[in-house]
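Following this message is one structure expressed as structure tokens.
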Amino acid sequence: MIIEALIGVTFLAALVVMLAPDKYAGKLAFALSLLPVVGSLYMWAGFDAGGNALMAGSIAYETQFEWLTVAGYDLQWFVGVDGISLPLVVLSTVLSSLAIVSAWTPIDARQSQFYGLMLFMEANLLGVFTALDFFLWFVFWEAVLVPMYFLIGVWGGPRRKYAAIKFFVYTNIASLVMFIGFMALVFNLPVSSFGLPEITQSLQNGGLADLNYLGLSADTLKLAAFAAMFAGFAVKVPVVPFHTWLPDAHVEAPTPVSVMLAGVLLKMGTYALLRFNFTMLPDVATRPLVATVIAAIAVISVIYGAMLALAQQDLKRIVAYSSVSSMGYVILGLIAYTGLGIGGATFQMVAHGLISGLMFMAVGVIYNVTHTRMVGDMSGMADKMPITVGILIAGAFGYMGLPLMAGFAAEYFIFQGAFASTVIPSAPLFTAASMFGIVIVAGYLLFAMQRTLFGEFSLETDYEVRRAYFHDVAPLAVLLLCTIALGVAPNIFFEMITDAIEPVVAVVGGGA
Amino acid sequence: MEPALLQADQLPQWAALAPALALAVTGLLLVAVDSINPDDSQPALLAGIATVGSLTSLGLAGWFLSAGTGQPGTGGAIALFGDALVVDGMALFFQALFASVTALVVVASYDYLSDNPHQAEFYSLVLFAATGMALMAAANSLAVAFIALELASLPSYALVAFLKRDAGSVEAGLKYFLIGALSSSVFAFGISLVYAATGSLLLPDVYDALAGGPEGLTGVAAVGILMVAGGFAFKTASVPFHFWAPEAYEGAPAPVSAFLSSASKAAGFAVAFRVFVVGFPLDAGIDWVLLFQVLAVVTMTLGNFAAATQEEVKRMLAYSSIGHAGYALIGLAAFTGGAGGDVLGASMAHLLVYGFMNTGAFLFVALAEHWGVGRTFDDYAGLASKAPMASVAMSVFMFSLAGLPPFGGFFSKYFLFMGAIDAGFWWLAAVGAVNSALSLFYYSRVVKALWLDDVVGEFELGSTPTALYAAIVFAAVATVLLLPGFAPVIETAQSVATTIVP
């Protein structure tokens, strides 16, 4: 029942914080958010499941009971974690706590509502990563949108309303497309449940073998469902060309919300892709044409996202576009269908969550004191805020893939996995092309840092440029430590990830 | 299963009508209390009596429903007065719905009416209208259906025109009354034609007569059925008899709008479900399922598109209420005989969820009217900073009406569309889903105005009307809890719907 406790405690915490006076809301929210952190770490410490939850593997902390039955379908309360979801659960709780701390300085209006919504979002994120029944999952999945809409729309920058509505409409329509695709698939299966394991196993046991639905063959239906789900999740990830909501949302959102958006919300998309598209329908994903298209989308996201980042003048936009690029690597790793590829992709979800969180927070800390994010407006920040800038530089190196940082491990796994892929036609070519991304990443990060952080200090401002507060820097330091820890010892998570993805890879006969 | 607390052989048969009787007695009691000293109206006492009465009715209906009164487990439907009234699961389900909405409306009206004379009249009219609705749900004869419909409608006309110094209210009442009178006569004429063709007013007898094959008068019966459908279209605010609704809902006092658009509409559906499913076989000279398909598609599309273009919140809610009538019509539009109970039950469950979320939304409008903040979306700007709890509740209603997952409206719509797909009408579900996606646009405008827009100019809200606030918050809590608690609702609705299918 620990998962229920985790979600329930977070919901309750959200409620308590909502009702708390503004003055204490931030501190209270942080204190309460430590409970899920402890809970998730406890889950991690006692984790002893193996295999993939969807493919007859054992599920940790599983609870399952009937909720209601409609038209012959059982809807269940069905939660549990395996090696893929547990790292994301830990990431969600840790990053939420840190994001709450990083909100202490910038958020000065309607605080109890802000922190309440942050916790409410965290609770739903935990639900997304632990639910194993489609309906339960979808409820959590959509429920994440509501707090996000308010967090961007109320506390965001000047164009917050536009960004909030664009985010809401984009992702909501995407969810609808995905929902329809999934339903079309499930209603033709001989299962009477929305349990993801049952659906996966039924699909793999040829549940659709002799289908003729509205004149569609099983193959066509699967392809259509795959496309609908891919499109739905691609918006969330986001990959080019569905990425246009992301920079708007990121730039307008307050820092802590950007941290959650880049750190965890984008992972919902890749997590769902791995669970739904790549685990349930490997036979569609591995068709040469489909694999080529997905690999091409991945490479284009990597290169185009990085090029867009190169062209930005706003530090936050740079980090935002670089997320498009980094998530492109995840897609490439997934479509590789090798142990290292999918494993690396899952690892990258966590690594990118930590590093992008770090980068957004660092940019936010600098913005708090300078009130600008424009590369052209400032220089020599290193003299004024040495510690913050030091951590920012370390984070940037992590982003570029410096060895012994989490990003390096993840990208290395992905590249090696993608290179050896038997699924993507001419895999080495795609891999090599995507590796150019690294060069561009190094380019824009070094370029931006050179201009803003080093040289003579110059910034025309009415504010006093002071050092950051301890509580501004502390979450950065924690994230940096986590990044280094994962880089030095990837096996903290990688072993359990590999364990959970082996069955997926085995289905298509991909190598390590 | 535990032996039922109340069974047909332990109490006299007529006791099964207790939920309806409780409402009627409360209405009479209100009149009696007021007659003691008409000049000294005591709002708290009157509202208290009305609330207790409607809650008693709710309690009785809930008790009977859980005890199995009139359901297959305890000997089946209880027929009374020469089979003219029948108490079964469906009647009790709807009676519980009407009683809940009535209780909410009555509680909310206490503050809304605070400066108004004729309070006793208001509450007793609400209670009498609710009695009519409760009887509509139990009508097993076309004559009773007509009388119950009139009993529900006549007080409603007066309620809409209740603010007699307000030209809008009076105009709305007049429009509502004229169109109501017209559709009543259409309905009555339809009944007479059905009687002419079948020689009976009792629904099961009508069914048998019509199912017996052509006897020369099927054409007459078909015209009659068409006209009966017209009568229901009026009561449920469905196209083409919908155009009174925006005017009436806009002009009426907001609690009355809530009452009409939730309870009265549900009552229309209650009697429509029973009359068509129990009374008219699918091949009775006219394909009424096809008729309702056309009505459902046109109603939901027209309602949603019209709602999207409104500038006033109350009018937007009025048109969206027409759109929801279109969704509820799916229950009849996707009805396929034997296996039709599921989609019918889904429709009933949707009406129950709708009862809470739509009543709540109109009550929020009542709150805004009470504070005098204005009617348009722009007037609502920044209201959340002044009234956060009510704004949270309103946001819950809006997202739930749009069918977003964390709220009750998601499940009720989902089961409705799924029921349609199961019955083979996937295109009906597709039209519904597209409409539902469109509706998010105009519902989210309210949320945007409340939370995201900045206050235009300073305005001070008056005192907080406690009862109204409480009713809104209660409706919001119910809307949220209907998601995790949807299992008993849909299961009850579908099982009681199945039993009326012949």
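Sequential numbering from 1, following the chain as shown.
A Cβ is built for glycine as well, from the same backbone N, Cα and C atoms used for every other residue.
Caution: TrEMBL annotation is automatic and unverified by curators.
Fair warning: this is a prediction, and the values are worked out from it, not measured in the lab.
Sharing the feature lines straight out of TrEMBL:
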TRANSMEM  A:6-21  transmembrane segment
TRANSMEM  A:28-45  transmembrane segment
TRANSMEM  A:84-107  transmembrane segment
DOMAIN    A:131-434  domain 'NADH:quinone oxidoreductase/Mrp antiporter transmembrane'
TRANSMEM  A:138-155  transmembrane segment
TRANSMEM  A:167-187  transmembrane segment
TRANSMEM  A:223-246  transmembrane segment
TRANSMEM  A:258-278  transmembrane segment
TRANSMEM  A:290-311  transmembrane segment
TRANSMEM  A:318-337  transmembrane segment
TRANSMEM  A:389-415  transmembrane segment
TRANSMEM  A:427-447  transmembrane segment
TRANSMEM  A:468-489  transmembrane segment
Under 8 Å between C-beta atoms and at least six residues away from its ends: which parts of the chain pack against the transmembrane segment (A:167-187)?
134, 138, 141-142, 145, 148-149, 152, 194, 199, 203, 208, 221-222, 224-229, 231-236, 242, 245, 248-249, 272, 276, 280
Per the 3+ Cβ pairs under 8 Å rule, pairs at least 6 apart in sequence, do the transmembrane segment (A:427-447) and the transmembrane segment (A:290-311) touch?
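Result for the transmembrane segment (A:427-447) with the transmembrane segment (A:290-311) is yes.
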May I ask for the residues of the chain that lie six or more residues beyond the transmembrane segment (A:468-489) and have a Cβ under 8 Å from a Cβ within it?
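Residues 94, 98-99, 101-102, 104-105, 347, 350-351, 354-355, 357-358, 361-362, 365, 368-369, 385, 387-388, 391-392, 394-395, 398, 403-409 contact the transmembrane segment (A:468-489) from elsewhere in the chain.
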Give the nonlocal contacts of the transmembrane segment (A:223-246) in its own chain as ranges (CB under 8 Å, at least six residues past its ends).
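For the transmembrane segment (A:223-246), the far contacts come to 163, 166-167, 170-171, 173-182, 184-185, 216, 265-266, 268-270, 272-273, 276-277, 281, 284-285, 290, 294, 297-298, 300-301, 304-305, 320, 323-324, 327-328, 330-331.
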Could you pull out which residues elsewhere in the chain have a CB under 8 Å from any CB of the transmembrane segment (A:290-311), counting only those six or more residues past its ends?
223, 226, 230, 234, 239-240, 243, 284, 317-329, 331-332, 335, 423-425, 427, 430, 433-434, 436-437, 440-441, 443-444, 447
Test the contact criterion for the transmembrane segment (A:258-278) and the transmembrane segment (A:84-107): 3 or more CB pairs under 8 Å, pairs 6 or more apart in sequence, then answer yes or no.
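Counting Cβ pairs under 8 Å (6 or more apart in sequence), the transmembrane segment (A:258-278) reaches the transmembrane segment (A:84-107), since there are 3 or more.
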When you scan the chain for residues with a C-beta under 8 Å from the transmembrane segment (A:84-107), skipping those not six or more beyond its ends, what do you find?
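Residues packing against the transmembrane segment (A:84-107) from afar: 6, 26-27, 29-30, 33-34, 36-37, 39-41, 43-44, 47, 52-53, 60, 114-115, 118-119, 121-122, 125-126, 129-130, 155, 254-257, 259-260, 263-264, 267, 271, 274-275, 346-347, 349-350, 353-354, 357, 361, 364-365, 367-368, 469, 471-472, 474-475, 478-479, 482, 493, 496-497, 500-501.
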For the transmembrane segment (A:28-45), find every same-chain residue at least 6 residues outside the stretch whose CB is under 8 Å from a CB in it, and list them.
2-3, 5-6, 9-10, 13, 16-17, 20, 60-61, 81, 86, 89-90, 92-94, 96-97, 100-101, 115-116, 118-119, 122, 126
